[in-house]
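K.L.:
Per Swiss-Prot, the features are:
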BINDING   Asp49, Asp88, Glu120  Mg(2+) binding site
BINDING   Asp49, Ser50, Asp88, Lys118  3-methyl-2-oxobutanoate binding site
ACT_SITE  Glu186  active site, proton acceptor
Amino acid sequence: MSVNSPVRPVMAADILARKGGEPLVCLTAYTTPMARLVDAHCDITLVGDSLGMVVHGLPTTLGVTMEMMILHGKAVARGTSRAMLVIDMPFGSYEESPAQAFANARRLMAETGCAAVKLEGGRHMAGTIRFLVERGIPVMAHVGLTPQAVNALGGYKVQGRGADADRVMEDAIAVAEAGAFSVVLEKVPDGLSQRITQRVAIPTIGIGASAHCDGQVLVLDDMLGLFTDFRPKFVKRYGELGTAADEAIAAYAAEVRARRFPASEHVFPDELKGKQP
């Protein structure tokens, strides 16, 4: 391969092959500049419907539309060359029927160039996952806390404690057997997450789950300290970009009001020194 050959992007088969190996690294991204940063370090870039909350200021993910996912999906695709690009299917775009799910998944892939879609739900979505996979659409599943079902679940609660553990385990087994290439475990207790990881043949990707999952995912704006409306227990802040941005904007505003910006090096003289071009 020559030095100028394009980098082969990560694909579903590559993710499957990582089961039980080095942990998979996944982050969300919503813009081209951030996608470039994520692409340099991660195996999977997820255009999550969390964009509704962290980018558009919505109270939940329920108001996210296909058009929003496509807009941000295109932007992230422009900044992604190596990582596997996965896009969330928004609420209402896949639950009605497998045919509806296929039509919208096909649209996401065709218009953004993503490599896979992600959808929420366990046993009740297994038939839809199988329908998509049989028609050439790789699917990342999502069980445990499924934010699109927040109203039915009674809030953003941990899923799978006590007698509820069997339900979450059965959901994970069902989506794996349906052909999903990986499954996100969200807000699932540590021990149960480990048992699911040992039980299913596909990689588990934890968010508020266990360090023993096959990979981890976080919302980029959470881990960078950009989204500060609330902070889930499972989020570790690896930066405080929100604070840094606030300080930078405050400094800019102060300099403008004091007429210290723009300074001489930021403006153009009336005449050029020396020979005219």
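Cβ from N, Cα, C; glycine included.
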K.L.:
If you draw a 10 Å sphere around the Cβ of Ser50 (3-methyl-2-oxobutanoate binding site), how many other Cβ atoms fall inside it, taking every protein chain shown into account?
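P.N.:
If we count other Cβ atoms within 10 Å of Ser50 (3-methyl-2-oxobutanoate binding site), we arrive at 21.
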K.L.:
Rounded to an integer, what is the Cα-Cα distance in Å between Glu186 (active site, proton acceptor) and Asp88 (Mg(2+) binding site)?
P.N.:
15
K.L.:
If I take the alpha carbons of Asp49 (Mg(2+) binding site) and Lys118 (3-methyl-2-oxobutanoate binding site), what is the distance between them in whole Å?
P.N.:
10
K.L.:
Any idea what the Cα distance is from Asp88 (Mg(2+) binding site) over to Lys118 (3-methyl-2-oxobutanoate binding site), rounded to a whole Å?
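P.N.:
Taking the Cα atoms only, Asp88 (Mg(2+) binding site) lies 5 Å from Lys118 (3-methyl-2-oxobutanoate binding site).
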K.L.:
Any same-chain residues 6+ apart from Glu120 (Mg(2+) binding site) with CB under 8 Å of its CB? Would you list them in sequence order, or say none?
P.N.:
His142, Val143, Thr146, Pro147, Gln148, Ala149
